Structure formats: C-alpha cells, structure tokens
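The transmembrane segment annotation in TrEMBL covers 65-84, 91-113, 119-142, 163-182, 194-220.
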Amino acid sequence: GTVMRRNGLRTLTVAADVDGRIGNADAITARLSEGFLPDLTAATPGLTFEIGGQAANSAETVSSILRGFLIGLVGIYLVLSFQFRSYVEPLIVMITIPLAFLGVIWGHVLMGYNISMPSLVGAASLAGIVVNNAILLVGVINARRADGLSAALAAGEAVRSRFRPIFVSVSTTIMGMAPLLLETSTQAQTLKPLVISVVFGLLAATVLILLVLPAFYAALEDIRPRKQGHAAVTGGH
C-alpha cells in the first residue's frame, strides 16, 4: 500500500460522514478529542493527532456567522429607522427575530436534529425574512393611528386587514421548502437543518407576530403618555 507522509512523518487520515438524524459531528469530535484520542496517544509514544476538515473550521465559521449577523442587525435597524423615522418602532419590528429563534429550536427538537452549522446559517438568514411581515403590520398600525384610532384598536385592525396576505406569503414559502424538509435521502441531510431553521423559524415568528407584536406596540403607546403626564405634574410642582 501507499504510505502517506507529512513533514517527513507517516500519517493516517480517518474521514467519515455523520448522519444528522442520528448524531452530531461536533459532539462526536469533542468526545473523541477529550477521551479516546488522548488515551490513544498516551498508550502509543510518538503518536499525535490533529482534528481537521469541517470540525476544524467550525469555530471560525461560527465566529464569522455571528459577526455577520450582528452587522446585519445594525443594518436592519438603520434602514427601519429611516423608514419609520423613529428609534423605537424598529425595535418593535426586530422583536420578531428572537421569536423566530424560538421556532428554530422547537423545529430541531420536533424533527430530532441537533443544532449544526447549517442550522446557524438558516437562523441567521431569518433576520432579514421575518421582519418583512412585521414592517407591513407596523405600517398599517401607523396608518390607522393617523386616522385617529387608539393604539389598541389600530393594532387589532392591522392584524385583521393583514392576516390573509401574511398567511398566504408565509404558506407559499413553507410549501416551496416542504419537499426538501420531507426528503429522507442521505444527500439531503446536509441541507435539512438549514431548511428546518427557515421553515419552523418563519412559522413561529408569523404566529407570534400576529399576537405579540400588536400587544407590544399597544403597551409601548400606553407607557409613553404616562411618562409625559408624570413629567408635566413634576414640572408643575
């Protein structure tokens, strides 16, 4: 057979693919690095090991994804600030992002998958997707407020008027990704965590947008007059 060498030393490369439905590559690599491989090197003088491939790049990739995600959040906030001409309403819209992450976790638990690198990529991409429906909803609320409705009535009217368009747009997206979500072939397992993140994150965010966002908007509007009224009383003293 062929003897492979690296820097003059004989080397043996062990590679494997992991079925995401059964195990997690990062967890398996961590277990090998902390237990089996140190014991093997201790029992075999002169033997060393090095983790390579996808596992070696995971930490750097995660750091890059998080950095890009934070930059994306700042960009979304700035764009929304120009759109709404407010510093508070962009935060109301962006509350949909952590709501989507709840769906990501729930989806992986329901489907029996561990959080992996494709999962993080899908979760990061949700930040620019789930805010779209929230922008439409807040825009309608502001329009109803301009017509003279209270915050609570405007929020309720916005949900009623935008429910069908939001439901249809989300449904078409989910239906388009359903074939890959239901795919059982080995080749599809690499992308499946990404699809799980997008589908379940979008589903959870949409349901919670229609419930949480209007209530959050109305609650903030109730707080603002109280603060102004309290300041007026204090100034009178």
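Glycine residues also receive a Cβ, built from the backbone N, Cα and C atoms like all the rest.
Since we're looking at a predicted model, the values are computed, not measured.
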| note | Same-chain residues at least 6 beyond the ends of the transmembrane segment (194-220) with CB under 8 Å of its CB atoms are 88, 92-93, 95-97, 99-104, 106-108, 110-111, 113, 118-123, 125-126, 129-130, 133-134, 137-138, 141, 151-152, 155-156, 158-159, 163, 166-167, 170, 173-174, 177-178, 180-181
| Are there residues at least 6 beyond the ends of the transmembrane segment (163-182) whose Cβ is under 8 Å from a Cβ of it, and what are they? | 133, 136-137, 188, 191-192, 195-196, 198-199, 202-203, 206, 209-210
